[in-house]
Amino acid sequence: MPSRKFADGEVVMGRWPGGVLYYELQVTGYNDASRVYTLKYEDGTELELKESEIRSQSSFKRRKSQSSSGSPSRRRTSKVQSRSPGRPAKGRRRSSSQGRDHKDDKEKTIQLVLFLFKLSENNTRRYNGEPDSTERNDTSLVSVERNLEPELDVEHEREEKKTKEKIFKTTKTSSKTKELEFGGRIGTFTLIFFLPATVFYLLLMCKQEDPSLMNFPPPLPALESLWETRVFGVFLLWFFLQALFYLLPIGKVVEGLPLSNGRRLHYRINGFYAFVLTAAAIGILLYFQFELHYLYDHFMQFAVSAAAFSMGLSIYLYIQSLKAPEEELAPSGNSGYLVYDFFTGHELNPRIGSFDLKYFCELRPGLIGWVVINLAMLLAEMKIHNQSVPSLSMVLVNSFQLLYVVDALWNEEAVLTTMDITHDGFGFMLAFGDLVWVPFVYSLQAYYLVGHPTAISWPVAAAITVLNCIGYYIFRSANSQKNRFRRNPSDPKLAYLKFIPTATGKGLLVTGWWGFVRHPNYLGDIIMALAWSLPCGFNHILPYFYVIYFICLLVHREARDEHHCKQKYGLAWERYCRRVPYRIFPYIY
């Protein structure tokens, strides 16, 4: 392997990313595998460059002397590469005092270029989402721009404008997705069939008298029994009822994070109002003796209807995404491979007018439907087993999961900063996940208890309740701490929090919950998932599928978050990982 060309501590000239200008940098590190150098500016800003983007200072000095002795046309050509933004045009004579003034202008203009690139870079990084590590906005650069702008002369303004155009042109250009997730094309093709098969397998197993893994495969029902037009009509009615609630002019309107083109989309926050209206509608149906356990009797048909609808919606989304501008495509779903982009989602924010399809499906039909299904299972248990009140196990499952859903809807605005909204496109993965996986797999414990009642004592119920409360406290307090710090890092109530500054102008929390483990909200999620399954007892592993799935899902998300954070924060993220070594489970992982 060839040896490195520049040593640590050496002062070199590095090309600014996305531009043609070179600036003085100091080498601070080198990666032998990727042959990428880590360099630092005088102001502490760090970045990574390939060897081809770095020049020695001596080469710039030689070029300068050659250009001064060459022809006028050659001097003009060479100045494009070597002249700094603050250097005056050819032929301008300067006194010693003027030289000092222009030297100051040069330093200020370099700072302005740094500001412009950081501004566009921050827009792109916010567009890519904040996985889970908490940021702190730094407004000092804004004041730098404000103080420098009146002092720029005409030439500086032209050069600043040219640099800004280059930077934003680079930012707006949507690059192809190079790193494929989920096993690439073959993996995503398999998942399109494997995910629906998993849902149907779980539901079929729950209907068996002995849902043991030894009874695999379960008896398959006749194909004609899986589809019922009336059930599909009920599902459509539910979907469009939630769409109607979404369109109601109630609730505040907020802006999302900046997109790659700098634009911010608007979202109406009224998920909790939709939940209240849904609860009122269900109450009216029960008052008029509507048999809600109809959901239990036709549960498999509802799952098939939801899967068929999500597949149709995914096809529509992909066809529409082919007409979307390049800058509106999802950074994770623009690979150029049909199956992969269809699965992960090709367009980031597909909309019909102002109706945001991804944001609507994220919280409304599936999440609220989960609560309705749980209620239907509770009523079905009472009817099938001739009970005047539901079992304690069923009450615990319904209560714990109701709390989780209400919390998500009450804190609806926080979903705008998640990777589902800021980074992932809306394709089969999210459509199937929102409309099928969430309501029909997350309600697995309640569905299991209808056919396999489990009696638990009050002390056991109290212990499980305490466990769920611990998980919820970790989950909610960690997310609240992150969101408050993100909105207002200078809040006096957060003065006790410490953070590591990064080159993006933001910071990584190293105290509080985020100094305990890197993803405390995931830890709370897993504890709650365990509490949801414990009321089902230990006779079968089936009710614990959700816990196993949730751990696998969060470990995958955590690995993806680690990758994005390392790319985004560079050396600062490495320092953060050394400061907070445990990812999800303290002293374990």
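Note that Cβ sites are derived from N, Cα and C of the backbone, with glycine treated the same way.
It should be emphasised that the depicted structure is a prediction, and the values quoted were computed from it without experimental measurement.
Record features (TrEMBL):
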- 1-55: domain 'Lamin-B receptor of TUDOR' (DOMAIN)
- 52-105: region 'Disordered' (REGION)
- 182-204: transmembrane segment (TRANSMEM)
- 231-250: transmembrane segment (TRANSMEM)
- 271-290: transmembrane segment (TRANSMEM)
- 302-319: transmembrane segment (TRANSMEM)
- 430-450: transmembrane segment (TRANSMEM)
- 456-475: transmembrane segment (TRANSMEM)
- 496-517: transmembrane segment (TRANSMEM)
- 537-556: transmembrane segment (TRANSMEM)
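As a summary of secondary structure, the domain 'Lamin-B receptor of TUDOR' (1-55) carries 3 helix, 27 strand, 25 coil according to DSSP. When each of 182-204, 302-319, 430-450, 537-556 is checked for Cβ pairs under 8 Å to the transmembrane segment (231-250), 302-319 comes out on top. At the 8 Å Cβ cutoff, the transmembrane segment (537-556) and the transmembrane segment (430-450) share at least 3 close pairs (sequence separation 6 or more) and count as touching.
Note on the transmembrane segment (430-450): residues 195-196, 199, 202-203, 206, 211, 239, 296, 299, 302-303, 306-307, 309-311, 313-314, 317, 345, 358, 361-362, 365-367, 369-370, 373-374, 377-378, 380-381, 384, 391, 393-394, 397-398, 401, 420, 424, 532-533, 535-536, 540, 542-543, 545-546, 549 of its chain, located 6 or more positions outside it, place their CB under 8 angstroms from a CB of the stretch. Across the domain 'Lamin-B receptor of TUDOR' (1-55), the prediction's mean pLDDT works out to 77.
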